[in-house]
Amino acid sequence: MLEDLYITAPTRAVMVAAVTNVSCALVGVFLVLRRMSLMGDAISHAVLPGLVIAFLLSGSTGATPMLLGAAGAGLATTFLTQTLNRTGKVAADASLGVVYTTLFALGVVLVKRFLGQIHFDTACVYQGSLLKAALDTTPIAGIEIPQALIAATIVLALVVVVFLLLWKELTVSSFDPALSSTMGYSADLMHYLLMLLVAFTSVVSFQSIGAILVVAMLIAPAAAAHLLVDRLAPMALISAAIALMVSVAGYALASHWDVSPAGTMAALAGAAYFAAAIGSPRHGALAKLAANARLALRIRRDDLLAALYRGEETDGNAPMPRQEALHWADDGLYARWVLRRLKRWGQVSESSQGLKLTKAGRHAAAQLVRQHRLWEAYLVEHAGLQEDHVHDPAHVVEHYTGAELEAFLEQELSDAVRDPHGKEIPGREN
């Protein structure tokens, strides 16, 4: 029977945190895409005067007046920020900073002035109280359900419904507001709608994770997901998954260490972002380091092969001394590693006299020298550079010349057989 079902306080706390954090993470996806991370911070603080005014007018801290107050404050923040930016000749970040700090300060003044003798826990607003939220329950079908969970579930459902109904509109307005307007729906309307969702998620987050730490949940999961994938729908799903995992793991660690659950969750969200920033397969630091290393190795390989080819042009088939060849490839660890690889691939042979190209190596080197000399000819003939100014730029671009670009050079230089220095341009069959 449902009446016999009992949900423990820790489980309730995790449920509240999970639903709240997933809401923040989903909304944060569009904040990150729009480069409006600071707006999430601003609204999460600027809703404070709206909450106070709603409480003074209604005498209640229920979900309805609080959400209405937050909506009003969120819209006011967005409107005032855009107005200052458009009419006051104030930069967007400066206008946002002025508006949200002013509204937040106004909220603090209102709390001290009108709510000094009333139970209005500002510490809860700033830092959150997840356990308190889990213990404040109401019976539904015989089960004690936290009121914060009910409010958070309603907001999560609202976020999901808005995303399902207006996914295309939100997506287009995020990437190209002008196109959004030409397609018949207002980019400004989508912007205000998103700000409303930010305000709602901020309010339901106050009691569980607090106004300060909600910023981490709005931004960190979405930013981490943005590093991991390049498509919007998977980004939203991964952002929600990160928020869910952070909620469970954060509460478990906080219970073990006897520290703030909200703080632990925010710290784990930051850790998830840093992990993505380091380990993302495409955009992570390690991936970039690996790509740079591969590029450096390829450039050293090209330089070594080209140096050996030019040496054979000058000295016939005489081997080039090892140290001289390595010098042309910057004579470092990369150059030595590349030489070992070229010998293993059968493109370079080494004897006591030095290094020589094999047949396979000579063919590969000829194509590199061909691209270099085509570029030199093109830069002189079409870019108007002097003959003594084309070697260095040609040396740079030769490493990035693919088949399509080489075909373009051939078309532009259909009758070129020698470079500007009189050297023969190797043919494709070499």
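Residue 1 is the first one shown; counting continues down the chain.
The backbone N, Cα and C atoms fix where each Cβ goes, and this holds for glycine too.
Automatic prediction, not curation, is the source of TrEMBL annotations.
Over in TrEMBL, the protein carries these features:
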| type | residues | note |
| --- | --- | --- |
| DOMAIN | 358-426 | domain 'Iron dependent repressor metal binding and dimerisation' |
| TRANSMEM | 12-33 | transmembrane segment |
| TRANSMEM | 45-70 | transmembrane segment |
| TRANSMEM | 90-111 | transmembrane segment |
| TRANSMEM | 148-167 | transmembrane segment |
| TRANSMEM | 192-220 | transmembrane segment |
| TRANSMEM | 232-253 | transmembrane segment |
| TRANSMEM | 259-279 | transmembrane segment |
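Contact check: the transmembrane segment (259-279) against the transmembrane segment (192-220) gives at least three Cβ pairs closer than 8 Å, residues 6 or more apart, which meets the contact criterion. According to DSSP, the secondary structure content of the domain 'Iron dependent repressor metal binding and dimerisation' (358-426) in residues is 46 helix, 2 strand, 21 coil. Where the transmembrane segment (148-167) meets the stretches 45-70, 90-111, 232-253, the count of C-beta pairs under 8 angstroms peaks at 45-70.
Beyond the ends of the transmembrane segment (192-220), by six or more residues, the same chain brings 16-17, 20-21, 23-25, 27-28, 30-32, 34, 37, 39-41, 43-45, 47-48, 50-51, 63, 66-67, 69-71, 73-75, 77-78, 124-130, 132-133, 148, 151-152, 155, 158-159, 162, 166, 170, 242-243, 246, 262-263, 265-266, 269-270, 272-273 to within a C-beta distance below 8 angstroms of the stretch.
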